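According to TrEMBL, the protein has these features:
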TRANSMEM  A:12-28  transmembrane segment
TRANSMEM  A:73-91  transmembrane segment
TRANSMEM  A:103-125  transmembrane segment
TRANSMEM  A:169-188  transmembrane segment
TRANSMEM  A:194-216  transmembrane segment
TRANSMEM  A:228-248  transmembrane segment
Amino acid sequence: MRPVTGFLQRWSLFFGAVVLWELAARLAEDPFFPPPTTILQTAGQLWFSGPAGHLLLTGSVFNDILPSLGRVFGGWLIAVLVGVGLGTFLGRSKTGMDYVGPLFAFMRAVPPPTLVPVFLVLFSIGTPMKLATIVFGSVWPILLNTVDGVRSVSTTQRETAESFRTPKAYWVTMVVLPAALPKIFAGLRLSLSLALILMVVSEMVGATDGIGYQLIFAQQRFDFPAMWAWIVLLGVLGYGLNALLLAVERRMLDWQPTRGAARAQTTGA
Amino acid sequence: MATMLEVNGLNHRYGSGESEHVAVRDLTFTVETGQLACIVGPSGCGKSTLLRCISGLIRPSDGEVRLHGDEVDGVPEDLAVVFQDYSRSLFPWLSVRQNVEFPLRWKKLSRAERRERAVEALEWVGLPGVGNKYPWQLSGGMQQRVSIARALARRPALLLMDEPFASVDAQTRFELEDLLRTVQVKHGSTILLVTHDIDESVYLGDRVLVLSKSPASIVADLPVELPAERDQIATRASSAFVSMRSEVAKLLHGSGTAGPVTAEGAPAAEDAPEAEQARADLTEADAAEQANTAGEPASKPH
């Protein structure tokens, strides 16, 4: 019984809002604000009316959605590698952050979308430009959280590792990174949502395919139900990606006492 | 008996010039193989610095430390340290067994051998079957047993212990003291244990080294004339224990008042109640020291 009520509690407001939106849109009959049922219908036509051989998926799924997802994941993964790698190095070095701190503070203060024109000039229209935008915009939360996280290794933990003559590779992978992981994950979640935003922004400006391009294109040809369908899709993607990352996080941070307690509670229900 | 540890003219200073602080002054002593030696000293006297110099965690300003004849420069392969703060010393992201296996990972051991050693070490400390738990799921005393098991799993020639039982309750401390003696006798381990607790040093040790207040230097080196088999109630009540305890307390108290030992404090008054008082003072001051060291890492960039 508990899971059902829990689900209702969590989602009732959401469905209530959708119903209200439906009613309001039907009453207003405004072409700019189609009712959710129309948006869903359009979405079905856009993506799920393809041939049976393609699992009913249309060309748009393969030509727009998948490339966009590829850019998000590609850019985000690069940001993760750069952020965690550089962050670990800088965080454990005594003076590293003293040198690069002001530079980082300046660079991350620049709103990433404003750099799209710069990257457009540098890389012209294409995937590298989009990746550069995503990486540049989403690397900061990972980098700074990693720096913070790898510093959370306590003196006793450091001395313990030292007293066992822990080789560098074990020290980093078995002590420093696990200690930093809770903070790193906080950065990862923030940066993943940034990556999604920047993917759309970069596609709106310079692209011939992708979710952002289709969104702008639908608006320009006054196809508002399609425009809304793309917006809803972005919401669904953002929600799904975050849920996926949360699941990974829960698995990897299983050792934390508070999480273990929370899990014991949920399994006890 | 062979000599396991030789400390010769050890000095350690922090800082330089005006802010120079001498933590350890001209320490010389040896520990024989198979001996359990206790170093007891007032708080802030440089006990922890001394232990870190011996373990090679910090390089002493002067003097040398030799472990079975080899000069210590960096932490030796066959040395293990047990710290006071077990909750920070155990890695919370590793299970108990993984924690015990941790220092064996870069030894030439197969996975099965490594696991076997960890299981065995956990049995030595009376913790079979908790390998898959995380440290936070165990009580404080059990956590400290795990860190002792982790040190023993490395089969160290010398085991250094820095106030290992200072953070557990009295009942648990008694249990752990007896456990340590049992393990030490059974495996013939050589142990050097640092404590501020006079009773503990006398109860545990084959020998007690009494340190002066800062800078630490040795005031006395006393053999403990107690039977090898010790009992928390009978031993502590025995006259040999009581007289040794007050002797150590007297030495510590004497070094606690500034300057050389004088006729200050009539010897007659220096019996058990006063020794209790001295111990209470030490404990109090030690808490202050711990509060200091706890604040230290924040101000020190790593």
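The backbone N, Cα and C atoms fix where each Cβ goes, glycine too.
TrEMBL does not curate its annotations; it predicts them automatically.
Relative to the transmembrane segment (A:169-188), the listed stretch A:73-91 leads the set A:12-28, A:73-91, A:103-125, A:194-216, A:228-248 in CB pairs under 8 A. Most Cβ pairs under 8 Å to the transmembrane segment (A:194-216), among the stretches A:12-28, A:73-91, A:103-125, A:228-248, belong to A:103-125. Nonlocal intrachain contacts for the transmembrane segment (A:103-125), taken as residues 6+ away from its ends with a CB within less than 8 angstroms of a stretch CB, comprise 132-133, 136-137, 140, 143-144, 194, 198, 201-202, 205-208.
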